[in-house]
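So the structure is just underneath, and the comments pick up after that.
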Amino acid sequence: MKKERIVRIQELIGLVHSLYPPALAEEWDNVGLQVGDPAAAVSRVLVALDPGEAALAEARRSNAQALLTHHPLLFRPLHTLVPADETGRVLFSAVKNDIAILCAHTNLDRGRDGLSDWLAQRLGLVDAAVLAPGAADLLKLTVFVPAGYEEAVAEALFRGGAGRIGRYDRCAFRTVGTGTFRPGAGATPFIGAVGSSEEVREVRLETVLPRDRLTRVVERMAKAHPYEEVAYDLVPLANRRSDVGLGRIGRLAEATTLGAFALRVKEALGATGVRIAGETAGKVSRVAVCGGSGASLLGEALRQGADVLVTGDVKYHEARAAESQGIALIDAGHFATEHLMVPELARTLRQGAKERGLKIEFIELEGEKDPFVAI
């Protein structure tokens, strides 16, 4: 009987980061493994919004070896580690019970098929696009392939994560030319002989990739390439990526009023209440969204013609600024605009684990509640 392979925490981290790279996170953020041994085994993961005592207790009860949350447990430097506060108690309990804690925060907010996309979908936005694209950190890869092998190498590049530009994938450019080389002593040439100069019809294959996918792409390229020494170039790009970034903006299938749309937001997100800044009878067609605290995107939403921005944690002066500029605000709360990540992230990771052949069960924390209650 074949023994089932043990999956390690490091592989779980790799899965999460392959979907939501740490490079997408804000500079001030703290994402990834917070506590735990990367070499420890994992077969069950509890997904939650917050890394509190209730979440850790459920992880223990359900025999989960890892707790994956949106909000970081360790956000600011610790000066003491004592069980006098919740962070200390959670850390002590996690270590004692061998439960790893990791988070996907602003990398999940900004990532493709992440929190911003899920929020836009939940609210029924059509043709949603990134509201505030982030720095790309893109590379251009050029590789020279003997004619006849370009399809196999291109496929390897695409499977590794290269070739995506906005809503398009498998993007590349090919030109045909002549490659020259002379194998030296000890070489095992695929074409030609040691000491003999060769001219070969080759294809120059160019594509783009995110820097965080570099190792994976190069490894797959080298495996698919017939040469023992692969000739390739990497060039950093100053382009911005249009497929990742904070917030989303799109349109409603049918225009409605601000008041009616606010009620739709409340129902769709299960919010205990929503606050509105703007005329409830005003027309709403183009909508911007940002989970959590997104009022800082008000200017970008206005610039792109949004009638309303849906977010949480809106301050008084931010509402006044929106009022003066003629754009409405719907504050559905931090919790309600982010908690939908629990089922969506669990679903996404189940699919990702299946594709990678990782035997990991992802379960969802039930019963998390907004700390605020509207009366």
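Cβ from N, Cα, C; glycine included.
The divalent metal cation binding site annotation in TrEMBL covers His70, His71, Asp109, His334, Glu338.
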Quiz prompt | binding-site residues: Asp109, Glu338 - member with fewest neighbouring CB atoms within 10 Å | solution = Glu338
Quiz item: Counting only residues 6+ apart in the same chain, whose Cβ is under 8 Å from the Cβ of His334 (divalent metal cation binding site)?
Solution: Gly292, Ser293, Gly312, Asp313
Quiz item: When you tally the Cβ atoms that lie within 10 Å of each candidate's Cβ, which of the binding-site residues (His70, His71) has the highest tally?
Solution: His70
Quiz item: Setting His70, His71, Asp109, His334, Glu338 aside, what same-chain residues sit with their Cβ within 8 Å of the center of the Cβ atoms that define the divalent metal cation site, listed in sequence order?
Solution: Leu49, His105, Leu108, Leu115, Gly291, Gly292, Thr337, Met341
